[in-house]
Amino acid sequence: MKIGIIGAMEQEVAILKDKIEGLSTITKAGCTFYTGTLNGADVVLLQSGIGKVAAAVGTTLLIAEHNVDVVLNTGSAGGFDSSLNLGDVVISTEVRHHDADVTAFGYEMGQMAQQPAAFIADEKLITTAEQALTEMSDKHAVRGLICTGDVFVCTPERQEFIRTHFPSVIAVEMEASAIAQTCHQFNTPFVVVRAISDVADKESPMSFDEFLPLAAQSSSEMVLNMVTLLK
């Protein structure tokens with residue numbers, strides 16, 4: 001099995017990249033691909049860039065040119081579930097766009113035309129993520145809906161919009177729905193596993209930039225455990 005791993009930013013892939021053996025680097029269309037073996041598994045690690053378009057371009061190349069069998073999306077996310085704290089983990093059961101609106105044509109809020117309303121994560125990969133979490137006894141995890149938009153959600157108004165239209169949302173970020181839609185169109189199994197960098201309606205002693213390295217550590221540990229289970 002060849003495992004594709006996607007992170008948007010350098011900080012989100014650096015820990016994994018440093019652990020790849022036989023590392024080879026390929027750059028194309030603004031995306032950087034790191035190939036080799038990770039914990040004995042054949043992997044392609046993609047640093048896609050931030051946002052949905054960058055993520056879709058990178059995921060397309062990852063699947064079409066690097067022929068990965070599954071896709072794991074790692075990195076940070078903003079928590080919407082009140083039980084979450086900084087460093088906790090979210091696992092996708094489904095992923096939706098929160099910034100798509102073609103409801104004028106009868107679609108659900110967040111549903112892109114001619115696409116399903118939600119992109120469903122692979123059940124086996126969800127189970128693998130949950131098994132991987134057992135090696136991280138200090139981390140709490142929530143599984144559920146992750147919503148994506150080309151928006152850094154930082155205002156009460158945007159938070160309220162998302163809660164109103166997607167009441168079961170557990171976390172938000174800026175790439176997962178594009179990755180999920182691309183995987184859907186290629187019929188490639190995926191799961192999103194991210195660490196919480198901040199939580200809506202909770203005061204944080206750290207800024208996003210300050211916490212990002214800690215979120216990267218948590219999400220990378222989760223991915224490493226998953227890769228070991230999947231190989």
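Even glycines carry a Cβ here, placed using N, Cα and C.
What you are looking at is a predicted structure, and each value in this text was computed from that prediction instead of being measured.
For the substrate site, Swiss-Prot records Gly78, Met174, Glu175, and the single candidate of Val57, Val153, Val193 listed with them is Val153.
Separation of the C-alpha atoms of Glu175 (substrate binding site) and Glu12 (active site, proton acceptor): 13 Å, rounded to the nearest whole number. Nearest by CA distance to Asp198 (active site, proton donor), out of the recorded positions Glu12, Gly78, Val153, Met174, is Gly78. Each of Ala77, Thr148, Gly149, Val151, Phe152, Val172, Glu173 belongs to the same chain as Gly78, Val153, Met174, Glu175, is absent from that list, and has a C-beta within 8 angstroms of the C-beta centroid marking the substrate site.
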